[in-house]
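The next block holds one structure in the form of structure tokens; read it before the comments.
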């Protein structure tokens, strides 16, 4: 009985604190979205619109990963890890995240996002950004195994994420969540990959040399 009462009191306190905080964050999110929409950037509109469309269905990410797998050694492993990370991040964001949160898409017309920026408005939920999650998953996975690629791929991921706000289909908070989610998914994929490699190498390392006789304990 005491536990139930304590739980209810705690829940109410958390609700009182979290409610206003979430409200303020949503207001800030909307304000940044509106500021981007109100900023006139005609020289950027076409390029960001094209990049946003090219990133549909992770086409850019899988293309980069596939190209890397054609290289030797570390390049091939980076490509494989990148492709796996993109797949995991895309599934987590689009199948799990969007169905759990179900945040509505921004009202692009009310925000007066110029038509030259428009890409087709997705019918899925807004949170998190799947495009951003996939882009950051690739950047994190490949950048970890190929440090020289970390900066350009991270810049690409940031630009893809911004393009989703610029074209009016995502709030900035959706993009931030997608970036964190994609990086986390890549971390999991890399950790699982390292454990798998360690298990494959361990039996070979523990095996006796060729021609050596196994000794019985005395």
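Cβ from N, Cα, C; glycine included.
Note that the coordinates shown come from a computational prediction; the quantities given were computed from them, not determined experimentally.
Under DSSP, the residues of the domain 'Phosphatidic acid phosphatase type 2/haloperoxidase' (78-190) split into helix, strand and coil as follows: 82 helix, 0 strand, 31 coil. According to TrEMBL, the domain 'Phosphatidic acid phosphatase type 2/haloperoxidase' annotation covers 78-190.
Here TrEMBL flags 136-163 (among others) as transmembrane segment. Here the transmembrane segment (136-163) has Cβ contacts under 8 Å with residues 48-49, 51-52, 55, 60-61, 64-65, 68, 74-75, 77-79, 81-82, 84-86, 88-90, 129, 175, 178-183, 185-187, 189-190 of the same chain, all six or more residues outside its ends.
Sequence-distant contacts of the transmembrane segment (175-193) (same chain, six or more residues past either end, CB-CB distance under 8 Å): 81, 84-85, 88-89, 92-93, 97, 127-141, 144-145, 157, 161-162, 164-165. Residues annotated as transmembrane segment in TrEMBL: 175-193 (among others).
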